[in-house]
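Student: Annotated Zn(2+) 1 binding site per TrEMBL: H82, D93, H193, in sequence order. Taken from TrEMBL, the feature Zn(2+) 2 binding site applies to D93, E128, H386. Taken from TrEMBL, the feature domain 'Peptidase M20 dimerisation' covers 218-313.
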Amino acid sequence: MLNRAKAENIQNWIEKINTYNSTPEFGTTRVLFTEPEIAAREYVKDEMRKLGLAVREDSIGNIFGTLVGNNPELAPVWTGSHIDTVLNAGMFDGMAGVVGGMEALRLIKESGVNFDRSIEVIVYTSEEPTRFGLCCLGSRAMAGHLTLEDTKKLEDKDGKTLESVLKELGYNLNKFEDIPVKKGEVFAAVELHVEQNNKLEKKGLPVGIVKTICAPTNFTVEVTGCQSHAGGTSMEDRRDAYAASCEIALILEDLALKCSSEYNTATVGRVEVIPNAVNVIPGKVRFSIDIRDCEFETKVELIEELKKEIRKIEDKRGVQVKLINENNDIPMKCDATILNILRNSCEDKGIPYDVMISGAYHDSMFVGEFTPVAMVFVPSKNGISHSPEEWTDFKDIALGVDVLAKSLLELANKKEL
Ligand code: HGY
Ligand code: MN
Ligand code: MN
């Protein structure tokens with residue numbers, strides 16, 4: 001029988017990780033392989049060792065903390081998440097799943113209950129696209145979608161490549177090809193994460209069980225018009241790159257609002273106006289597009305529709321629009337058997353729950369390509385995330401850990417799903 005997860009353990013770990021932060025004056029920023037993120041990695045590895053876990057890292061910095069089972073030759077059960085953040089983030093996105101996984105393994109170890117399969121808590125490298133513009137680098141590499149060659153092309157804002165950073169940090173790139181995980185090498189994976197939406201809070205529910213993880217398609221859009229004088233250029237003579245960009249953004253929003261899938265979002269989050277001067281008509285604008293959908297087909301349809309509308313805007317406004325695709329990821333349907341195990345864990349403990357879609361993507365989106373996955377959500381206050389206002393009560397995370405620990409233990413004793 002497992003004891004209850006301790007909210008104070010979870011709080012201590014999260015608050016300590018949060019001290020590794022490059023913007024303490026405004027939220028939390030822990031960008032991949034910067035000083036605070038490296039320090040946070042070392043702290044988490046130390047805490048894993050204190051729990052009695054065997055700790056290792058692969059060549060892209062995925063960290064594995066292993067609680068060895070009675071039959072360690074069997075495929076292990078995984079849990080885990082990420083410790084890197086977006087700029088000026090909160091302290092729960094990712095951390096809840098890493099710390100929650102550590103607390104779950106502590107409970108299982110403390111209980112002395114027998115289990116066959118080893119259980120591993122993973123810190124996946126760079127779930128956020130913050131430094132290199134591409135998300136889920138560690139889990140993407142595990143799924144075989146990021147090669148050593150790709151790391152030579154991923155550059156940060158200073159022109160440093162991921163490959164050069166990995167080399168500088170002493171990662172053995174000769175073993176990069178050992179990162180991909182084959183089907184069957186992992187038995188199952190369950191990630192705990194804050195919901196990053198307000199559905200659980202609105203329904204007054206403490207736990208969510210995720211049935212589908214939406215996947216992102218990201219573009220950089222370059223609009224080229226004609227830079228000219230803000231006063232001397234008559235309205236009918238302009239080729240205003242910013243006005244054209246705004247029209248594209250509004251059409252994108254309208255297409256997302258009308259999308260037929262169960263969950264779809266579209267966001268323009270980053271805009272660069274050139275020359276960005278008060279009395280100059282912008283000649284060039286570069287902006288990001290982030291589209292999420294729980295269905296790949298409706299995401300493709302939306303993008304095709306958007307491209308048609310962009311062609312019309314080019315003709316009407318005399319601008320050129322370039323769409324540079326960064327990634328086009330596939331939504332992940334979670335495993336029915338694991339969903340039932342999570343449901344039963346909630347019901348056995350009298351914990352009310354809802355089954356839901358995750359609008360945010362997670363490492364489980366890629367992990368699900370080589371092993372069955374599911375996720376446990378805990379409520380986000382006011383649905384806010386990717387913000388210093390992000391908050392989840394530690395006792396809510398502890399309840400999610402109770403469900404997680406029970407489910408991991410059941411999976412660790414299963415012969416097959
Ligand atoms: O953007 C996302 O969905 C994730 O939180 N990085
Ligand atoms: Mn995030
Ligand atoms: Mn996250």
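Every residue, even glycine, has its Cβ placed from backbone N, Cα and C.
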Student: For the C-alpha pair, I'd like the distance in angstrom between E128 (Zn(2+) 2 binding site) and H82 (Zn(2+) 1 binding site), rounded off.
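Tutor: With distance taken Cα to Cα, H82 (Zn(2+) 1 binding site) is 8 Å from E128 (Zn(2+) 2 binding site).
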Student: Which of the three DSSP-derived classes (helix, strand, coil) applies to E128 (Zn(2+) 2 binding site)?
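Tutor: Note: E128 (Zn(2+) 2 binding site) is coil by DSSP, not helix or strand.
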Student: Which secondary structure state does DSSP assign to H82 (Zn(2+) 1 binding site), in the simple three-class scheme?
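Tutor: Looking at the DSSP assignment, H82 (Zn(2+) 1 binding site) belongs to neither helix nor strand, so coil.
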Student: Taking only the Cα atoms, work out how far H193 (Zn(2+) 1 binding site) lies from H386 (Zn(2+) 2 binding site), in Å, as a whole number.
Tutor: 13
Student: To the nearest Å, how far is the Cα of H82 (Zn(2+) 1 binding site) from the Cα of H386 (Zn(2+) 2 binding site)?
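Tutor: Cα of H82 (Zn(2+) 1 binding site) to Cα of H386 (Zn(2+) 2 binding site) measures 14 Å after rounding.
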Student: Including all protein chains displayed, how many Cβ atoms other than that of H386 (Zn(2+) 2 binding site) lie within 10 Å of its Cβ?
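Tutor: Other Cβ atoms found within 10 Å: 18.
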Student: Pop the Cα-Cα gap between D93 (Zn(2+) 1 binding site) and H386 (Zn(2+) 2 binding site) into the table, whole Å please.
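Tutor: Taking the Cα atoms only, H386 (Zn(2+) 2 binding site) lies 7 Å from D93 (Zn(2+) 1 binding site).
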Student: By DSSP, how many residues in the domain 'Peptidase M20 dimerisation' (218-313) are helix, how many strand, and how many coil?
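Tutor: Tallied per class, the domain 'Peptidase M20 dimerisation' (218-313) gives 39 helix, 29 strand, 28 coil.
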Student: I'd like the number of other C-beta atoms within 10 A of the C-beta of H82 (Zn(2+) 1 binding site), please.
Tutor: 29
Student: Are there any residues at least 6 positions away along the chain from D93 (Zn(2+) 1 binding site) with a Cβ closer than 8 Å to its Cβ? List them or say none.
Tutor: T85, V86, H193, V194, Q196, S385, H386, E390
Student: When a 10 Å sphere is centred on the Cβ of H193 (Zn(2+) 1 binding site), how many other Cβ atoms does it contain?
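Tutor: That number is 31.
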Student: List, in sequence order, the residues of the same chain other than H82, D93, H193 whose Cβ lies within 8 Å of the centroid of the Cβ atoms of the recorded Zn(2+) 1 site.
Tutor: S81, F92, G94, M95, A96, G97, E127, V194, H362
Student: Using DSSP and three states only, what is H386 (Zn(2+) 2 binding site)?
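Tutor: Where H386 (Zn(2+) 2 binding site) sits, the three-state DSSP reduction gives coil.
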Student: In terms of DSSP three-state secondary structure, what is the assignment for D93 (Zn(2+) 1 binding site)?
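Tutor: It is coil.
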